[in-house]
Amino acid sequence: MGKDIEVGTEYAPKDYQDPPPAPLIDPEELGKWSFYRAIIAEFIATLLFLYITVLTVIGYKSQNSTDQCGGVGILGIAWAFGGMIFVLVYCTAGISGGHINPAVTFGLFLARKVSLVRAIMYIVAQCLGAICGCGLVKCFQKAYYVKYGGGANMLNDGYSTGTGLGAEIIGTFVLVYTVFAATDPKRNARDSHVPVLAPLPIGFAVFMVHLATIPVTGTGINPARSFGAAVIYGHHKAWNDQWIFWVGPFIGAAIAAFYHQFILRAGAVKALGSFRSNA
């Protein structure tokens, strides 16, 4: 296969095709059913994600309160989050791209993978889906929901705000970097002889990050997940720490987008070389 290697200011022919950058604003999207179908898919996927994962968290806490060896444990919670992302990304990737996370949407927007209109509508749908998912959990677990924290993300005792913010930044970087790597058309062309299922590494990234950061913040890395739980739970502590679960993931997503697009894919170097050739 040909390789995309710089030779002076020229490059060898590509054996893959990069999709064109998404326009900043694309009015034509608003007239397409596929656009609204994708928004609905993001809403339902985020609803299901919050329903299963928050129900798992509350179930574990209620069982653990009477038996310290009861429940699925932190490992089980991490599997619930990672497993649901794997399943839902697999189901919705062909419809909406399977974002299910405002930070992922933000990172892909910065990389010009989605338009501004689509990014905003995805984030709104994801937040509404998260609220509805947590609302369902509260309906089914009225006796335990408030008592065991409603699955809300909060900075745990013994950790500083800086530590919590850093954990969210790094955790989201791992996730969004994995998303870029798993969906990179260049990787798909070079590794065509290896069957790569994109949802699998993305789900594992979520699983591994949860193992590392559950003791710190309960693991957000998804602003919609943190926002939906805070809205339904309503406790002041969840709202006091809410900014961490927006600022951290958005910073982590921005760093991942820059790292993948301009460092690993050498976007800045190629642009400079093209400029020099034209000059």
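Each position is counted from 1, following the chain as shown.
Using N, Cα and C of the backbone, Cβ positions are placed for all residues, glycine too.
The following features are taken from TrEMBL:
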{"type": "COMPBIAS", "residues": "1-17", "note": "compositional bias 'Basic and acidic residues'"}
{"type": "REGION", "residues": "1-21", "note": "region 'Disordered'"}
{"type": "TRANSMEM", "residues": "35-60", "note": "transmembrane segment"}
{"type": "TRANSMEM", "residues": "72-95", "note": "transmembrane segment"}
{"type": "TRANSMEM", "residues": "115-137", "note": "transmembrane segment"}
{"type": "TRANSMEM", "residues": "158-180", "note": "transmembrane segment"}
{"type": "TRANSMEM", "residues": "200-222", "note": "transmembrane segment"}
{"type": "TRANSMEM", "residues": "243-262", "note": "transmembrane segment"}
In the same chain, residues at least 6 away from the ends of the transmembrane segment (158-180) whose Cβ sits under 8 Å of its Cβ atoms read 101, 103-104, 107-108, 111, 201-202, 204-206, 208-209, 212-213, 216-217, 219-221, 241, 244-245, 247-253, 255-257, 259-261
Recorded stretches the transmembrane segment (200-222) and the transmembrane segment (35-60) touching, at least 3 CB pairs under 8 Å: no
